[in-house]
Number of protein chains: 2
Amino acid sequence: MRSPWQHPARIVPFAFLALIAIGTALMMLPAARAEPGHAPFVTALFTAASAVCVAGMAVVDTPGYWSTFGHVLLTVLTQIGGFGIVALATLLSLIVSRRLGLRGRMLAQAESAGLTGGNTARVLIRVALVMLVAESILTVVLTLRFWLTYDYSFGRALWEAFFHAVQAFNNAGFALYSDSLVRFVTDPWICVTLALGVMAGSIGFPVLFELAREWRTTRSWSTHTFLTVTGSLLLTAVGFVVFLVFEWRNPGTLGPLNTAGKVLAAFTQDVMTRSGGFNSVDLGRLNSETIAVTNGLMFIGGGSASTAGGIKLTTFMLLGYVIWAEIRGEPDVVIRKRRIAEETQRQAVTVALMGVALVATGTVALDALTEDVPFDRALFEVTSAFATVGLSTGITSSLPPSAQVVLVVLMYVGRVGTIAVGTAIALNTRRRHYRYPEERPLVG
Amino acid sequence: MRSPWQHPARIVPFAFLALIAIGTALMMLPAARAEPGHAPFVTALFTAASAVCVAGMAVVDTPGYWSTFGHVLLTVLTQIGGFGIVALATLLSLIVSRRLGLRGRMLAQAESAGLTGGNTARVLIRVALVMLVAESILTVVLTLRFWLTYDYSFGRALWEAFFHAVQAFNNAGFALYSDSLVRFVTDPWICVTLALGVMAGSIGFPVLFELAREWRTTRSWSTHTFLTVTGSLLLTAVGFVVFLVFEWRNPGTLGPLNTAGKVLAAFTQDVMTRSGGFNSVDLGRLNSETIAVTNGLMFIGGGSASTAGGIKLTTFMLLGYVIWAEIRGEPDVVIRKRRIAEETQRQAVTVALMGVALVATGTVALDALTEDVPFDRALFEVTSAFATVGLSTGITSSLPPSAQVVLVVLMYVGRVGTIAVGTAIALNTRRRHYRYPEERPLVG
Ligand SMILES: [K+]
Ligand SMILES: [K+]
């Protein structure tokens with residue numbers, strides 16, 4: 001038996017567990033709660049895990065249930081969690097960069113996709129600086145809007161702006177309003193600012209760094225950046241059109257808004273769906289066809305090594321190219337005159353299918369643990385938790401504790417677990433030095 | 001522009017369309033209907049397509065709506081469709097055996113996986129013989145049971161036995177009883193006989209032929225046969241346990257039965273789910289967790305080159321091995337000391353993901369075309385149509401014609417279209433004689 005502490009990379013998932021444990025203990029302090037008494041264990045666990053995994057999913061009314069101290073805790077846990085996830089990707093890339101295996105190879109690629117030339121400290125400082133600058137810009141814009149238009153006191157405007165700026169850039173999505181952003185549905189200053197913050201956080205640091213260097217010379221972009229940017233544009237466009245068309249007349253969502261309001265609300269909800277987790281329309285009243293598309297967008301998620309969750313844009317885009325090559329009968333998968341390694345294709349398949357298996361298992365578990373939760377709502381909650389989106393049709397708070405624990409496990413596994421398990425196994429890999437004869441079973 | 005008639009293989013999908021068209025015209029004859037007047041176009045189209053694609057999905061009450069002539073038509077269309085599907089796989093394997101591309105490669109493998117040494121006619125005769133023998137055995141057992149136990153006249157017993165024998169072995173699933181097999185839920189003679197017929201038809205001819213030769217020497221089995229048999233046993237076991245455990249106390253399904261009855265009903269429903277399409281419990285009253293598992297089983301389906309649908313057992317099993325190899329960091333996917341070709345892995349991925357895309361698109365379309373169909377019921381209908389299972393929670397008949405046409409398209413594409421499109425494209429393939437430099441974008 002080897003100790004899990006033998007290799008530094010193995011500590012990371014335990015560090016996240018420890019962070020969630022500390023967060024749970026802190027959220028159980030009576031000072032964290034608005035009312036007298038302390039929060040129940042599962043409520044505190046769910047909230048802490050949701051913050052650390054930047055899911056932003058809530059089992060209680062965030063503004064009413066937690067005290068200001070509780071809100072400060074949420075901010076700190078979200079910020080540490082979000083930074084930790086990016087730091088994790090970076091550190092692991094340096095530790096296991098030359099080893100093979102699921103995440104080893106993947107993280108080695110993170111480096112070649114943008115994080116070149118830096119040592120650990122330098123990269124972490126750059127990540128921290130980008131976060132600081134982005135959150136500061138968001139805070140300034142939101143503060144001015146809250147202070148000047150909504151007549152908040154300057155102190156309150158600053159605090160609420162900062163809180164939501166951290167939630168937005170880290171793609172968490174806790175809100176200090178019981179209706180999330182529904183009250184701001186027609187306010188472009190609030191909605192567009194937060195949407196841009198979410199987009200910046202969800203594109204991924206390798207891509208951000210590469211875009212900062214060469215955003216004008218699209219031809220020199222790495223395949224990773226090309227896939228992330230085109231995937232993001234494609235899905236944003238699809239989501240926007242779907243929300244606008246399917247919800248145009250829905251009296252519970254876009255129906256009552258004028259045309260400009262419909263466009264703004266569709267854009268905001270579209271951006272928030274692939275990981276942001278805020279909502280400016282009532283998701284419980286979406287049409288079932290919109291819900292279905294929303295599930296797909298949540299499952300795909302954002303960019304690699306970002307604060308977004310899901311199977312990631314590159315995974316989705318790569319699989320599209322794989323299918324396209326296959327039905328055209330091309331021997332190689334080629335993107336912009338670059339051949340995609342067979343190993344990378346297999347990684348993409350593995351990530352996507354493990355995601356499908358997790359969501360399927362979670363949905364069956366949630367259905368089995370509850371009496372009256374319809375299948376579609378269970379699927380939505382589970383997909384949202386797995387992809388750490390945090391959106392809900394409104395059932396999270398009424399789930400029994402056992403079902404809430406299922407969602408906690410999904411958030412952790414969706415965010416930390418796949419990286420951790422993959423790396424741990426990769427570090428143990430035995431190599432084969434011979435190959436067996438090839439066989440081609442019939443498929444399909 | 002090349003003509004689609006240039007290559008004989010391209011005729012096949014048109015032949016199936018022609019068969020459906022002829023079937024639709026015949027089902028619209030007043031003589032096919034029990035009541036005066038003729039069936040509406042969409043009803044006739046749906047029923048003919050459902051029979052030809054061996055889906056067995058019904059928009060009307062099969063015994064009450066159609067005349068005996070209509071039932072004979074159903075039998076003929078099912079038999080021609082089922083035989084045609086197997087004949088298609090065999091013929092195409094001979095035509096395109098040395099070409100590359102999605103289905104070209106696949107069908108070449110069908111040959112190596114069991115259909116060796118025969119010319120077209122010999123293989124077709126063997127297939128027809130197996131069908132004839134299997135359906136005869138089923139007919140004899142069912143006739144005796146209907147005649148001796150249920151006091152049918154001998155003529156009626158023989159006709160109903162033959163009708164259901166054809167439906168079972170071809171994995172179609174039309175029934176001459178409005179409740180399908182619910183009235184026989186505790187009759188092992190009826191349920192087990194039909195279940196064995198469905199299993200025999202769904203395992204696939206390459207595997208049947210190989211098992212007939214060497215069923216005792218499991219070590220000499222091809223990888224294809226190994227994956228099909230183990231996959232079938234695995235999924236049958238999982239489905240059986242799920243049905244039994246999740247439905248044990250459900251008053252709408254297994255609840256009222258005694259223990260032996262519960263075991264029989266769970267086994268029957270389990271076997272029917274991966275393509276048979278009969279049901280001996282009311283599917284509209286299944287728990288939502290059972291529905292979720294049922295969706296998964298339907299989607300996977302049966303063996304390749306069989307009368308079953310879905311993405312097929314080998315595809316599912318292969319993907320499992322791919323994931324297992326990936327998380328273990330193995331460079332090759334190895335099954336019983338045979339390395340699986342990279343091309344075969346890519347085919348499996350393509351087949352599975354095209355299935356996911358079809359089901360997702362179909363579900364969104366069905367939801368968009370209806371007002372009050374819940375998402376989970378839409379997903380169930382669409383999965384059942386795509387995988388030509390034919391099970392329903394009972395909403396098919398109340399869908400608007402546009403939504404029924406969506407299901408027709410899914411049945412056709414799920415059954416004939418993927419083979420046809422894949423082959424057609426494969427026959428057009430241009431080869432690349434140079435390779436681009438390799439790149440490894442970040443995934444997950
Ligand atoms: K989130
Ligand atoms: K069927």
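Even glycines carry a Cβ here, placed using N, Cα and C.
Under the heading transmembrane segment, TrEMBL lists B:12-29 (among others).
Marked as transmembrane segment by TrEMBL: B:41-60 (among others). Beyond its flanks by at least six residues, the transmembrane segment (B:41-60) meets 16, 19-20, 22-28, 32, 66, 73-74, 77-78, 80-82, 84-85, 167, 170-174, 277-278, 307, 309, 384-385, 388-390, 392, 396-397, 399, 401, 404-405, 407-408, 411-412, 414-416 of its own chain at Cβ-Cβ distances under 8 Å.
Marked as transmembrane segment by TrEMBL: B:72-96 (among others).
Annotated transmembrane segment per TrEMBL: B:123-148 (among others), in sequence order.
Taken from TrEMBL, the feature transmembrane segment applies to B:189-212 (among others).
TrEMBL lists B:224-246 (among others) with the feature transmembrane segment. Proximity of distant same-chain residues to the transmembrane segment (B:224-246), defined by a Cβ-Cβ separation under 8 Å and at least 6 residues beyond the stretch ends, is recorded for 109, 113-114, 199, 203-204, 206-207, 210-211, 218, 254, 262-263, 265-267, 269-271, 273-274, 287, 289-290, 293, 297, 300, 302-304, 313-314, 316-318, 335-336.
If you look up TrEMBL, you'll see B:307-327 (among others) marked as transmembrane segment. Sequence-distant neighbours of the transmembrane segment (B:307-327) (same chain, 6+ residues past either end, Cβ-Cβ under 8 Å): 54-55, 82, 85-86, 169-172, 201-202, 204, 224, 227-228, 230-232, 235, 274-275, 298-301, 333-335, 340, 344-345, 348-349, 351-352, 355, 386-389, 414-415.
What TrEMBL lists as transmembrane segment is B:348-366 (among others).
Here TrEMBL flags B:405-427 (among others) as transmembrane segment.
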Intrachain residues whose Cβ lies under 8 Å of the transmembrane segment (B:189-212), provided they are six or more past its termini: 82, 86, 89-90, 110, 113-115, 126-127, 130, 134-135, 138, 141-142, 145, 149, 164-165, 168-171, 181, 221-222, 224-225, 228-229, 232, 264-265, 267-268, 271-272, 274-276, 278, 280, 301-308
